[in-house]
Structure formats: structure tokens, C-alpha cells
Amino acid sequence: MPQKDPCQKQACEIQKCLQANNYLESKCQAVIQELRKCCARYPKGRSLVCSGFEKEEEEKLAMKSGSK
């Protein structure tokens, strides 16, 4: 049986917040930050819901190294 995603709760909170605020990300920054904090606590690949943030970080690093 697969393990429960450790950051699933935070991802669900983001969905609830977005739905309650007409999908305005600016209104949900606090809950988005909580998910980022959760993702930072676990190794890469441990949480499926964190994969978007991991990809975002990889792209930022690639842009930095390419602009030198």
C-alpha cells in the first residue's frame, strides 16, 4: 500500500482557498507558503504534490546558471 503524501493536507487547503476566493492566488499566499514549507521538509520526490514546486526550482536554477 502506498504511503500517504505528507503534504496532501496543505495541497487540499490551497484548493479550498482558491475555490473560496474565485481562484485568485494572491488571496491564498499564506496557504501556498505552508505547502512550500511542507515540501522543504521532505526529500525531492517524496511528495507528489510538491513536484510542481520542485520543477519550478529546477527551472530557476537552470536560468541562473545559463545567464552567467
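Using the three backbone atoms N, Cα and C, a Cβ is placed for every residue, glycine included.
Of the listed cysteines (C17, C39), only C17 is recorded by Swiss-Prot as the disulfide partner of C28. Between the listed ranges 7-17, 51-61, Swiss-Prot ties the annotation motif 'Cx9C motif 1' to 7-17.
Classification of C7 (disulfide bond) by DSSP places it in coil, neither helical nor stranded. Panel annotation: around the motif 'Cx9C motif 2' (28-38), residues 6-7, 10-11, 13-14, 17-18, 21, 47, 49-50, 53 of the same chain, lying at least six beyond its termini, place a Cβ under 8 Å from a Cβ of the stretch.
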